[in-house]
Every structure is written in C-alpha cells, then in structure tokens.
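Undergrad: Would you mind keeping the following structure in view while I ask a few things?
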Amino acid sequence: MGKTISFSAIILVFLLVSTGLMKQGDAQAQKCEWECKLLPNFPCWLKGAGEGLCDNLCKYEGAISGVCVSDPHRCLCRNRKPGCS
C-alpha cells in the first residue's frame, strides 16, 4: 500500500513539473523566446546600459525586444508573432 502511494505521489509531482516546463518549452519551440546568442549567460549587471545592450543585440538577431531576467541571469530575446504570448 505504501509503495502505491509513493508511486502515485512521484507521478503527480512529475506531471506538475513537466506541465510547467512544457509551457516554457513551447515558447522556445515556437521561437517566441530564446537566449541571446551574442550574450550567453549575460548578467545584466550594468542596469540601464546592460538592458539597452540586451535589447539592441536581440533586435539585431531579429527579435522585437530583449529583456534581462535575473533568475538565472541571462538576456532573453522575445518575438511577437501569432501563437506567442
């Protein structure tokens, strides 16, 4: 009985985690959001200058905007096209 409950709990946790990852993966698969190729692992520690650099280089890559995110530190390029939220 205990093994069945543990197995069910593991399956439930797996489904919850995979659902959250799938939403993020869908955005990346549709090319709605990707990490800036010119600034991999960019910490955006320069505040306005870092955010401006992120935005400019993402636009150079064809995105509509670039956004600095802090967890984990990186520069994300975002596209606005049908299917992207």
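Every residue gets a Cβ built from N, Cα and C, even glycine.
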Undergrad: What is the disulfide partner of Cys68 among Cys32, Cys36, Cys44, as given in Swiss-Prot?
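TA: Disulfide mapping in Swiss-Prot sends Cys68 to Cys44.
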Undergrad: With Cys32 as one half of a disulfide in Swiss-Prot, pick the other half from Cys77, Cys84.
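TA: The record-listed partner cysteine is Cys84.
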Undergrad: In Swiss-Prot, Cys77 is paired in a disulfide bond with which of Cys58, Cys75?
TA: Cys58
Undergrad: With DSSP assignments reduced to helix, strand and coil, which class does Cys77 (disulfide bond) get?
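TA: Going by the DSSP assignment, Cys77 (disulfide bond) falls within a strand, counted as strand.
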Undergrad: Let me make sure I understand the structure: which of the disulfide-bonded residues listed (Cys44, Cys54, Cys84) has the fewest other Cβ atoms within 10 A of its Cβ?
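TA: Among the disulfide-bonded residues Cys44, Cys54, Cys84, the lowest count of other Cβ atoms within 10 Å belongs to Cys84.
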Undergrad: Among Cys32, Cys68, Cys75, the disulfide-bonded residues in question, whose Cβ has the most other Cβ atoms within 10 Å in this structure?
TA: Cys75
Undergrad: Helix, strand or coil: which one is Cys68 (disulfide bond) in, per DSSP?
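TA: Going by the DSSP assignment, Cys68 (disulfide bond) falls within a strand, counted as strand.
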